[in-house]
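First comes the structure, then the notes that go with it.
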Amino acid sequence: MEMVRPAARRSVGETQPPLPSIYSLTLDELKEWLVAQGEKPFRATQIYEWLYQNRVTDFADMTNLPKRLREQLASSFSITTLKTVVKQTSKDGTIKFLFELHDGYSIETVLMRHNYGNSVCVTTQVGCRIGCTFCASTLGGLKRHLEAGEIVAQVVQVQKALDDTNERVSSIVVMGIGEPFDNYDALIKFLRIVNHPKGLNIGARHITVSTSGIIPKIYQFADEGMQINFAISLHAPTNELRTKLMPINKAYPLPKLMEAVRYYIEKTGRRVTFEYGLFGGVNDQLEHAEQLAELIKGLKCHVNLIPVNYVPERNYVRTPRSQIFAFERALKKHGINVTIRREHGHDIDAACGQLRAKERKEETR
């Protein structure tokens, strides 16, 4: 494992809020702003190309724009840059970034390397309020939502790191710190920006959004008409067990969640992925596999079994590999499409929120 730790960090709240991030503007919003300034709408495409194809961080570098417009942009917007506080590189090529925001809060972003390309896992909130009992992200609670531009900036920052080796980000998973549907408007704007051909041009079917199950937003997301991949953090096959693992299940119980999933499938015609973390002696027995098969029977779906990373602050243990394979076989016996997630960054702080939690501990010593 390689670790890089740059200069000292700011204290939370130490700096003044910056100008609005231009990364938060969709192409249409940027066109509207330009027209209001007396500029031609085509300038928006030029600006997008500078931001997302050339990845400049200074409006002065946008040399095909009139000087007056560059000055207007600089006085109206910022180009969000994230300060790298910690960079951990795993033996398998996974890179975990701890980025510092303008107000001193920190977020995690992960670059995962696959045979088919490079995937970036982005964060949508500083902390999380959902309170899943197995997750490091909820330690310390929710501090604030990220703006769309702060989510976009994570992908841009990772892409800039890949530019040195002529690689590109080929897919995005919205599975980092926070509940994406708890920051819904910023999420949707982020998805439209990174998916736009003039933006980062990541294909919709190469983007996955995961939710713990905020039911009203599932219906709303289904109605958006986006071809984004959709995943549910399920982790339990019964209402009682899911409530123990995920307190959100009290507000949005499993039967109602499954109704929303059925609506999503019927509305979009797309498959849903159920993420199922395996916790030793808790939800990993063959009876749980049978219950899970019954729960999702007949649905257009896929199950992703997740060997969980150990989190010191939590009491859960990893399921033995032999038991994971037995669980997989039990599901396949029922005709369930199932895979075991490949583990990334096992030798670094790979669990979501783990690196940030460690840094928070060090700050308070």
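Including glycine, each Cβ sits where the backbone N, Cα and C put it.
As given in Swiss-Prot:
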{"type": "ACT_SITE", "residues": "Glu108", "note": "active site, proton acceptor"}
{"type": "ACT_SITE", "residues": "Cys352", "note": "active site, S-methylcysteine intermediate"}
{"type": "BINDING", "residues": "Cys128, Cys132, Cys135", "note": "[4Fe-4S] cluster binding site"}
{"type": "BINDING", "residues": "Gly178, Glu179, Ser210, Ser233, Leu234, His235, Asn309", "note": "S-adenosyl-L-methionine binding site"}
{"type": "DISULFID", "residues": "Cys121-Cys352", "note": "disulfide bond"}
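Everything Swiss-Prot records as a feature, shown here on the structure.
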{"residue": "Glu108", "record": "active site, proton acceptor", "DSSP class": "strand"}
{"residue": "Cys121", "record": "disulfide bond", "DSSP class": "strand"}
{"residue": "Cys128", "record": "[4Fe-4S] cluster binding site", "DSSP class": "coil"}
{"residue": "Cys135", "record": "[4Fe-4S] cluster binding site", "DSSP class": "coil"}
{"residue": "Gly178", "record": "S-adenosyl-L-methionine binding site", "DSSP class": "coil"}
{"residue": "Ser210", "record": "S-adenosyl-L-methionine binding site", "DSSP class": "strand"}
{"residue": "Ser233", "record": "S-adenosyl-L-methionine binding site", "DSSP class": "strand"}
Counting every protein chain present, what is the number of Cβ atoms, excluding its own, within 10 Å of the Cβ of Gly178 (S-adenosyl-L-methionine binding site)?
30
Please tell me which one of the recorded positions listed here (Glu108, Cys121, Cys128) sits closest to Ser210 (S-adenosyl-L-methionine binding site), measuring Cα to Cα?
Cys121
Listed in sequence order, residues with CB under 8 A of Leu234 (S-adenosyl-L-methionine binding site) and six or more positions away:
Arg242, Phe274, Glu275, Tyr276, Leu292
Can you tell me how far the Cα of Asn309 (S-adenosyl-L-methionine binding site) sits from the Cα of Cys121 (disulfide bond), in Å?
16
Out of Glu108, Cys121, Glu179, Ser233, His235, the recorded positions in the record, which is closest to Cys128 ([4Fe-4S] cluster binding site) when you go by Cα distance?
Glu179
Gly178 (S-adenosyl-L-methionine binding site) to Cys135 ([4Fe-4S] cluster binding site) - Cα separation in whole Å:
10
Tally every other Cβ atom lying within 10 Å of the Cβ atom of Cys121 (disulfide bond).
24
Checking the binding-site residues Cys132, Cys135, Glu179, His235, which are within 10 Å of Cys121 (disulfide bond) at the Cα level?
none
Just to be sure I understand the packing, how many Cβ atoms besides its own are within 10 Å of the Cβ of Asn309 (S-adenosyl-L-methionine binding site)?
20
Fewest other C-beta atoms within 10 angstroms of its own C-beta: which of the binding-site residues Cys128, Cys132, Cys135 fits that?
Cys132
Between Cys135 ([4Fe-4S] cluster binding site) and Glu108 (active site, proton acceptor), find the distance joining the two CA atoms and give it rounded to the nearest Å.
14
Chain-internal residues, separated by at least six, CB under 8 A from Ser233 (S-adenosyl-L-methionine binding site):
Cys132, Ser210, Thr211, Ser212, Gly213, Met246, Glu275, Gly277
